Structures are given as structure tokens and as C-alpha cells.
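A.B. asks: This is the structure I want to talk about, given as C-alpha cells.
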């Protein structure tokens, strides 16, 4: 047996159990405010007047308009909505409110035990780490396939080392950004973007510090033009934007959910390069230039424009591609793990 309920975006509302959930995790709302949300969900896209709220939610109890305003403000906070750019609740000045998101009828099991628990705190960061690692390995493999790494003696071993390095960096970067997104989302959707940026800032800063200190210790010198905190902040924020947009399109095919992540990451990569920053390939190029005996020779971009050398044009293109690959892969991994959780 099941009771009719409502589903919108990542939320489910079970009227019989008086429970609002976000991906299986209960969202706390007091009873009267839950009644107000149910009233709007019953007529999605249509105006619910202030008088109707007073009659059906407060049941004739004399209250001021400020009580209704506080109710809507609390609901928006619980849903991660924004009054200036509403995703769920739209204000109709002087008249009332309208629920503008797409609402579907949903069935809910009457036994609470059937409800799936929320994902573990570490599930999404782990998925993001795997997404970042996959992006790193794919990118390193693509370098060899497109001729970005010059062929010669030891090319195979060079690519293995490069892929291993890209795997570890992608794993750490994806995990840190994913953890930041997960922590930030607890405060609201917009905070997930800030969380991603701060996660990227942290891992980028640590990687730069450890890398330069290690080369100083072993070789007495280290390239300074290596990726760091600023690049991590920009790419982490772009990944957060991609993940946030993917959540808003959670009802669409997975490949469509990931497109904003690729776009945001690509734009961030281009901005990083144009501002003089570097990601993996640019850092490796600086590293190889600092050690003349290095077998890592980044000499071109294969079929891409700028193939006559790893110059400014090539650096901008490669950095944009790296940014797109990382952000899109991490956002896609987060979207995939949410879907797998919903499917049980």
C-alpha cells in the first residue's frame, strides 16, 4: 500500500507521514509550515492567495502578514531557494505565492522502515574523488594519444608515471572539492559552490607547497610556475557550479546533467590560463623546462590548433580542456551516485 505524495527536484513530501526528505534525508519543518508547503504543492503553478493561507494554514487564527512572510522565508531556507531567483516559491507582490517547480505525484511506502537512509557523509566525496581520478587518467592517456608527449625511448614508462601522477592528483582534488560541496550544501545550495571553491583552494595550496618544497629538498630548485591555491579555488568553484546545476536538472538524462560541469570547468580553465595560471600540463611543462635532462617533452597538441609548439595558444587550449574534464567528471560522478542511491 502507498499514500499519494509529491516529488519535486531532489525533494519528496509524504503527506501521510508528514515528512519532507531530500534524497532520503529528513528536512526538518514545523507542522504549520509543512501545511503551507502542502497547500502550494496541491496547486503547482497557480497563485495561492494570502487569504487562503490564513484560512487553510492558520485556520482563521488572527495573524499578521509578517507571520506568512516568515513561513515562506523558512520554507525557502529549507529548500535552498532564493527569493531573488526563485527555483521553487515565487512571490506575487501584495497577493500571495506560487509554487513554480515541476511537481509529480509520488507513492510512499506506509512503513517507515522502507525509507532508504541518507547517503553516508563520505559517499559523495568518495564519488567525486573517483571522478577526479578518472579525469586525470583519461587526460594523461590523451596526452600520449594526441602526441602531446614526444615519442622516444622511455615514452611508455613516462606515460605510466604521468598517468599515476594524474590519478593521484585527480583523486585528491576531486575528494577535497567533493567534500567541500557536501559540507557547503548543508547550509544551502549556493554554499555548495563556495564549499567546492574552498576545497579546491585547500588542496591546490597544499599540493603547491608540498611540490615546491620537495623539489627544493631533492634538487635544490623548483619551478615556481606551478598550479596552486588560486587555480584550485577557480576550478573548485566551477566544479561546485556544475554540481549545483546538475542537481537542478536531476530529472534529466545523466549526460545532460553533466554538460554544465564541463562548460563551467572549461571556462574556468580558459580564465586560469589567460590570467597566467596553469593546471597539470602547464605545470609539467614548467617542470620539464626547469630540468633540461627531463624525458618529458611537451612539444605540441596533435590535431588541435597550435600544434607547432606548446606556446601560449596551446597552453590556453589544454588548460581549458583539463578544466572541463575535471569539473565535468566530478559533477557527473556526484550525479551518478545520487541516482544509484535513489534506485536502492
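Placement of Cβ uses the backbone N, Cα and C atoms for every residue, glycine included.
Note that TrEMBL annotation is computational and uncurated.
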A.B. asks: Need the matching range: TrEMBL marks transmembrane segment on one of 95-121, 311-337, and I'd like to know which.
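C.D. replies: Of 95-121, 311-337, TrEMBL gives transmembrane segment for 311-337.
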A.B. asks: Between the transmembrane segment (267-291) and the stretches 159-183, 190-210, 311-337, work out which stretch tops the count of Cβ pairs under 8 Å.
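C.D. replies: The listed stretch sharing the most Cβ pairs with the transmembrane segment (267-291) is 311-337.
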A.B. asks: Work out, from DSSP, the number of helix, strand and coil residues along the DNA-binding region (3-101).
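C.D. replies: Going by DSSP assignments, the DNA-binding region (3-101) contains 34 helix, 28 strand, 37 coil.
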A.B. asks: Along the DNA-binding region (3-101), what average pLDDT does this model show?
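C.D. replies: Reported value for the DNA-binding region (3-101) is a mean pLDDT of 88.
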A.B. asks: May I ask for the residues of the chain that lie six or more residues beyond the transmembrane segment (190-210) and have a Cβ under 8 Å from a Cβ within it?
C.D. replies: 80, 82, 169, 172-173, 175-184, 226-241, 243-244
